[in-house]
Amino acid sequence: MTRWFADVALGARLALGGGREGLLRTGLTAVGVALGVAVLLLSVSVPAMLGARAARTDARDDLPWGSEAPARTEHTVLSLPADDSFRGRALRVRYVLPEGADPVLPPGVKAFPPAGSMLVSPALKRLLESPDGALLRQRYPAPIAGTIGEPGLAGPRELALYQVRTDLREEQSRVLRLGSYGSHSPSDGLNPFLLLLVVVIFVVLLMPVAMFVAAATRFGGEQRDRRLAAVRLAGADSGMARRIAAGEAVVSAAGGVLLGAVFFLLGRQLIERFEVARLSVFATDVRPSPGLALLIVVAVPLAALAMTLLAMRRVVVEPLGVVRRATARTKPRLWWRVLLPVGGLALLYPLIGTRGAEFNPWQAVGGVVLLLLGVATLLPWMFDRLVGPLAGAGTLAWQLAVRRLQLSGGSSVRAVNAIAVAAAGTIALQMLFSAAQAEYTKPTGQDLSRAQAMTVVADSQLGPVRDAADVDARLRAARGVTGVSTYRRGVATTATKDVNGDPAIVEALVADCAVLRELATLPSCADGDTFALTPGLAGQTVEINDRPFLVPASTRAVTARPDPWGDRHVGLLFTPSAAPPVPPEATYVSFARLDPADPDASEHLRTAAAAISPTMDVSLLTQQETDTTFAGIRRGLYAGATVTLLLVGLSLLVGTLEQLRERRRTLAALVAFGTRRTTLGWSILWQTAVPVALGLLLATALGLSLGTVLLRIVAVPVRPDWTSVGSVAAISAGVVLLVTTASLPALWRLMRPDGLRFE
């Protein structure tokens, strides 16, 4: 045992003191492992990030969930939620009025600002003070008295403000009295379909990272094998050589873990500057789970040890600097490689058709992991069978690439494993994602050809509105608004009973004839006319605004027409001269047509609406409506996919640069013998493209298989998503071109005559 530890210690000393080449190789491995470890630490921080974000939003919550409004005291505050948006970014707006000398304060606020001024989030302050926020500044011209602290914000990039208004009254629409801030909003959690989607997303995003870490532990493997041959020349046996290699690998991996922790800590300080898919987090939120972080710290060196010992079985290290591939022992065997995807299918099969009714996340994780591992294990076997027949034909660049792949196929496969696993997972995920999108994205029925925005406002002391014509004119004056149709909305209580035996309540809508034609099919219309969308109302006495009103006997029955929002109205339609009296707080609904040539037309409309009343809601019409939970999962997927794609591309680039560095004397010799640089450049392209193409073939087969199983689990018809297959192929081709382009400067440098020098 003492000898065993001495051999491992010798490997550690060689890793740290093996000259410039040894240090470069150790550093390359450490940096590669560090990048993967940093991403893994970020991944295991996701629960803490989500938990901290939810805790802050719950602590500032000012919307009561079934609780009674408190009585007025020295501590109560009147609050008016008036959320807004600016160029697609949500803006949390709260108008407040303290009712006493010691008001309750929301998190992140030390004191309410003076009347007429506002507290804003740091991100909103930067936006309002920048040229890009000039339009938003018109909407919120109040002076800025301070900023909201971190405890009161969901994230560092959130736009939020508190403004004190002295004209708030408890009886006003949507005004709430608060005795405290904070609540726990009810949540039903994820349904089984979305839970399965989240599980698959995590596995698909993290598997390529694990593949990258495994490949990074073998960076510089050929030089390491040659040095072990020198150690054997000095008298070491094969077992000692393996222990020395293990010690070197563990030291490099351990250094990578430490460096990865440094990368993670440095990246955490910069994370507040970035927003991916509208998600931002504070640096203090990024805290890895201690148990999972410990697992990463232990698993990465063990994985490096296992990868090294497995690789040593595939070579024969002999004295005199000879490294020979052990063909008798390294011919890839198929049977155990097939067991992994078969085992994955066996785990997923019991879930088929259940729609997740008895969903076990760990069973799903195990099945998906084994299927994706099948890509990594089957690719070497497939590579060994298909690369050989490619030799002997084609251009010189092609032959150089194929020959190099035959000699060092292991390193090429390791570099491609991450992208192949990512491709297989992406294809399966896209199939499941398409099914989820069909289920959680529904057509709205809104008609964007008639209007592009809708506003709703209730007349109150916060923004007096004279009539529909007043609202119409003020909205129409906004830049980019080409037309507005406004009607007044009220309710009428009829003598007719509904299904519960209560008096039926219908709408009472007032507008001119042009607007009424947007709501119903009218045979003719003139001021003074009345129309009924509900049969039997003509001549009936109804109650409108708590007053009896006799519906004229001349009221004509008409058929409702879907308005631009897609709603069909029921009740009564009045032209202005036939309308009942205007209620104290009438509601006005407007449909606005926007100039498509003005990208800020909707923002000008929002600014005009805010000038009318802070309670005016502005909604943009859309053709599809997406479930908010599903939309959040989609944003998280985009954020994670961005990080994973960058890491996959980086792994391929580092692998290519490693192979170029090990071949520098060969490249310099080829140039010295007259080989053209363009030929070598094309050989690098083929050397990268061939393994990627083979990996994509295997990834497509297993990805479609996994996607089919996942769709059967949620009982959705199976439709191969060829669009996603084409997208994955296009992205992979782009990665190959980028990697080749990025490696060309190193290739030109290695071709110089001094590359022939040997120390």
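Cβ from N, Cα, C; glycine included.
Pulled from TrEMBL, these are the features on record:
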DOMAIN    200-315  domain 'ABC3 transporter permease C-terminal'
DOMAIN    641-752  domain 'ABC3 transporter permease C-terminal'
TRANSMEM  23-44  transmembrane segment
TRANSMEM  193-217  transmembrane segment
TRANSMEM  249-271  transmembrane segment
TRANSMEM  291-313  transmembrane segment
TRANSMEM  334-352  transmembrane segment
TRANSMEM  364-383  transmembrane segment
TRANSMEM  413-433  transmembrane segment
TRANSMEM  636-655  transmembrane segment
TRANSMEM  692-715  transmembrane segment
TRANSMEM  727-748  transmembrane segment
Task: For the transmembrane segment (193-217), name the stretch out of 23-44, 291-313, 334-352, 692-715 with the most CB-CB pairs under 8 Å.
output: 23-44
Most Cβ pairs under 8 Å with the transmembrane segment (692-715), selected from 249-271, 291-313, 364-383, 413-433: 413-433
- line: Comparing 23-44, 334-352, 636-655 for Cβ pairs under 8 Å with the transmembrane segment (364-383), the winner is 334-352
- request: Taking helix as H, G and I and strand as E and B in DSSP, count the residues of the domain 'ABC3 transporter permease C-terminal' (641-752) in helix, strand and coil.
  value: 97 helix, 0 strand, 15 coil
Query: Where among 249-271, 334-352, 636-655 do we find the most Cβ pairs under 8 Å to the transmembrane segment (23-44)?
result: 249-271
Message: Per DSSP, what is the helix/strand/coil residue tally across the domain 'ABC3 transporter permease C-terminal' (200-315)?
response: 92 helix, 3 strand, 21 coil
Message: Please identify the stretch among 249-271, 334-352, 636-655 with the greatest number of Cβ pairs below 8 Å relative to the transmembrane segment (291-313).
response: 249-271
Query: Looking only at the domain 'ABC3 transporter permease C-terminal' (200-315), what is the mean pLDDT?
result: 80
